[in-house]
Amino acid sequence: MILIIYAHPYPHHSHANKRMLEQAGTLENVEIRSLYHLYPDFNIDVAAEQEVLSRASLIVWQHPMQWYSVPPLLKLWMDKVLTHGWAYGHGGTALHGKHLLWAVTTGGGENHFAIGSHPGFDVLSQPLQATALYCGLKWLPPFAMHCTFICDDDTLQAQARQYKQRLLTWQEVNHG
């Protein structure tokens with residue numbers, strides 16, 4: 001099962017993430033959990049989140065990039081759900097062998113994240129990749145949609161279809 005952990009503080013403002021979720025939602029064996037819908041008070045049900053994670057083969061962290069990082073509720077979710085003895089540390093093997101895909105949208109262009117005057121995209125992904133590896137997850141190359149503030153609808157739809165294809169290809173290769 002593909003589990004999409006979706007974290008957008010203002011989902012009604014997001015055209016890119018909406019289209020990504022619409023495309024992903026057409027696939028079989030996909031569950032989408034919208035953190036800001038489930039936990040508007042930031043009171044995360046850790047047991048429920050761990051249970052659904054245990055059923056997933058591919059975990060997707062999907063969100064808009066905010067200040068070169070994840071939205072606050074996704075960070076809190078990581079802190080609360082990825083616990084010692086469950087996700088890492090002695091006895092913490094619940095996520096071992098599962099795959100993780102970082103699916104991120106940005107307002108800036110891809111060149112905005114080039115090495116030089118701005119941190120490179122590879123650098124920005126390091127904390128998430130380190131978290132994944134620490135929990136025994138297999139890190140997959142990220143999926144990024146750039147320039148989402150200025151893209152026309154046709155471009156957003158095309159990129160959302162690429163996202164769906166990425167998930168479908170993973171399912172076909174991994175029988176997930």
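Note that Cβ sites are derived from N, Cα and C of the backbone, with glycine treated the same way.
Small disclaimer: the values here were computed from a predicted structure and weren't measured.
What Swiss-Prot records for this protein:
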- H8, S14, H15, A16, N17, M65, Q66, W67, Y68, T105, T106, G107, G108: FMN binding site (BINDING)
List nothing but the one residue from H8, Q66, Y68 whose Cβ has the fewest other Cβ atoms within 10 Å; the candidates are the binding-site residues.
Y68
Only counting partners 6 or more residues apart, tell me which same-chain residues put their Cβ under 8 Å from the Cβ of N17 (FMN binding site).
Y6, H8, P11, Q62, H63, P64, T105
Of H15, T106, which of the binding-site residues has the most Cβ neighbours inside 10 Å?
T106
Provide the three-state secondary structure of Q66 (FMN binding site) computed with DSSP.
strand
According to DSSP, which of helix, strand or coil covers H8 (FMN binding site)?
coil
Under a three-state reduction of DSSP output, how is T106 (FMN binding site) classified: helix, strand, or coil?
coil
